[in-house]
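*Asks:* Next up is a structure, given as structure tokens.
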Amino acid sequence: MSASSTPRPVMLVILDGFGWREDESDNAVRLANTPTFDTLWATSPHAFLKTSGEDVGLPDGQMGNSEVGHLNIGAGRVVMQELPRISRSARDGSLAQNPALLEFIAALKASGGTCHLMGLISPGGVHAHQDHVVALTKIVSAAGVPVAVHIFSDGRDTAPRSGEDFIGKFLKELPDSVQIATLSGRYYAMDRDRRWERVALAVEAIRDAKGPHAKDALSALQASYASDKGDEFVLPTVLGDYAGMKDGDGILACNFRADRIRQLLDVLVLPDFTEYDSGRKVKFAAVCGMSRYSDHLAPYMSILFPKVPLDDLLGDVVAKAGRTQLRMAETEKYPHVTYFLNGGREVQFDGEERILVPSPKVATYDLQPEMSAPELTDKAVAAIESGKFDMIVLNFANPDMVGHTGSLSAAIKACETVDQGLGRINDAIVKAGGVLLVTADHGNCETMRDPVTGGAHTSHTLNVVPVILAHARGETIHDGRLADLAPTMLALMGVKQPDAMTGVSLLESA
């Protein structure tokens, strides 16, 4: 099929966190007034995609997430994720022989410094896993290096107040010699939206031992609960007699997902950090991370688990075919339609343009469930009408980001806002003679109440997600998984699917 005979643009709209569940109870997707989605569902070919577990390269039963989802979408194949890879290394003993870890330990033994081991302590498995942190702590401690642990509490990929149980379990598994130094809610330590005032509080506690004090982690957690702040929002707290970082110490960052650990490390590690006046710079003997976090951090730290390179990605194949493409999102999901969709690489392909709309500056998105969807929609419609692009990928962040707040009413509003945007985009696609694929990367806001605890449900789900193919004449689609989206888009564009893409086009005619 020649480029001139294919529909243009082929547009993928990702409704982030918009999963499928038949039961309407506490289901923002079903309770929302979504006339555009409903009409497209009723009048267009549709199916379901699997977004969790082994279908996206995770352990069986592990919920998907935005990073994993976009990696699989962009790769057009199931991508083995860091979680099972690292877990296997910890189980079989190879982690203790990891060359980067051995070099890190040697540097600290030579300097006489402390290993500041930091990360999300949670069984959630989205950004980190506490079992990995336990394994690393035991290895470093057994080598004779003092260890100070900086706990980031979850409450987002886990129930909002579940930290007391699994942090308690984590503490019992650590060697007696380990110091528990600080406790910070991920709202502060793992911000990714350049809210430097949040990050600064975590930095002051971790680096300088400044901030509220508590005798131990569980006391700090209980005090936070007493002030009606769940795990995610624990104010960065200094524990026991922790006195801060000193020259010759080292950092071992245990998050394997990059997007929410980068900012904290930027402040602590980068010698030329200028986003705010962050105070003193510690001269670290070594800095090591679980994975590659960014190009600008890479010169200053080693990596335990380098990414397995991916070739022939969706964006790469489209560029090599001489086609144009556009990636669009607001701040919260911009890395996903760029960095993660491009295989975890900070590369911009020939003919690839990008549009970033700033996310609103609010404490939590239930306060503004519309987020920046209206502005993003304006730019999407203009891009479609421009006729410049063969492929457009757009992410609406609202269902996921508002779903994480646990507010059902706000999540309903988020879904309704996105549907309004989808309506305008659909109209523009029809006028342009294009094709529209609508789907999600994982579930979230279709389950807003925890069926076990009865409390708010703020994490992702294992549910399938819908996929709709609109305005592709004569085509029908079948069920699949996220890895099948890239082959589908290439088929719609008349571009040959490379052998490296092992996903299967959803088109029945393919």
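Cβ from N, Cα, C; glycine included.
Pulled these features from Swiss-Prot for this protein:
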type: BINDING; residues: D16, S66, D441, H442; note: Mn(2+) 2 binding site
type: ACT_SITE; residues: S66; note: active site, phosphoserine intermediate
type: BINDING; residues: H127, R156, D157, R186, R192, R257, A258, D259, R260, K333; note: substrate binding site
type: BINDING; residues: D400, H404, H460; note: Mn(2+) 1 binding site
*Asks:* Sort out for me which one of D16, D157, D400, D441 has the most neighbouring CB atoms within 10 A, since those are the binding-site residues we care about.
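*Replies:* Of the binding-site residues D16, D157, D400, D441, the highest Cβ count within 10 Å belongs to D441.
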*Asks:* Based on Cα coordinates, which of the following binding-site residues are within 10 Å of H460 (Mn(2+) 1 binding site): H127, D157, R192, A258, R260, H442?
*Replies:* D157, H442
*Asks:* At a 10 Å cut-off from the C-beta of H442 (Mn(2+) 2 binding site), count the other C-beta atoms across all protein chains.
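*Replies:* Counting Cβ neighbours of H442 (Mn(2+) 2 binding site) within 10 Å gives 27.
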*Asks:* What does DSSP say about D400 (Mn(2+) 1 binding site): helix, strand or coil?
*Replies:* helix
*Asks:* Between the two most separated Cα atoms in H127, R156, D157, R186, R192, R257, A258, D259, R260, K333, the residues recorded as binding substrate, what distance in Å do you get?
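*Replies:* For the residues that bind substrate, the greatest Cα distance is 17 Å.
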*Asks:* Which has the fewest other CB atoms in a 10 Å radius around its CB: H127, R192, R260, H404, H460, the listed binding-site residues?
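*Replies:* Among the binding-site residues H127, R192, R260, H404, H460, the lowest count of other Cβ atoms within 10 Å belongs to R192.
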*Asks:* Have a look around A258 (substrate binding site) and count the other CB atoms within 10 A of its CB, chains all included.
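*Replies:* There are 24 of them.
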*Asks:* Among D400, H404, D441, H442, these being the binding-site residues, pick the one whose CA is nearest to that of D157 (substrate binding site).
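*Replies:* Nearest listed residue in space: H404.
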*Asks:* Please name which of the binding-site residues listed here, H127, R192, R260, D400, is nearest in space to D16 (Mn(2+) 2 binding site), Cα against Cα.
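*Replies:* In terms of Cα distance, D16 (Mn(2+) 2 binding site) lies closest to D400.
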*Asks:* Which whole-number value in Å describes the distance between the Cα atoms of H404 (Mn(2+) 1 binding site) and R260 (substrate binding site)?
*Replies:* 15
*Asks:* What is the set of residues, excluding D16, S66, D441, H442, whose C-beta falls within 8 angstroms of the centroid of the C-beta atoms at the Mn(2+) 2 site?
*Replies:* I14, G17, T51, G64, N65, G69, H70, K333, H336, N395, D400, A440, N444, H460
*Asks:* According to DSSP, does S66 (Mn(2+) 2 binding site) fall in a helix, a strand, or coil?
*Replies:* helix
*Asks:* Taking the Cβ of S66 (Mn(2+) 2 binding site) as reference, which residues of that chain separated by at least 6 in sequence fall under 8 Å from it?
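*Replies:* Residues satisfying the criterion: D16, K333, H336, F340, D400, D441, H442.
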*Asks:* When DSSP states are folded down to helix, strand and coil, where does R260 (substrate binding site) land?
*Replies:* coil
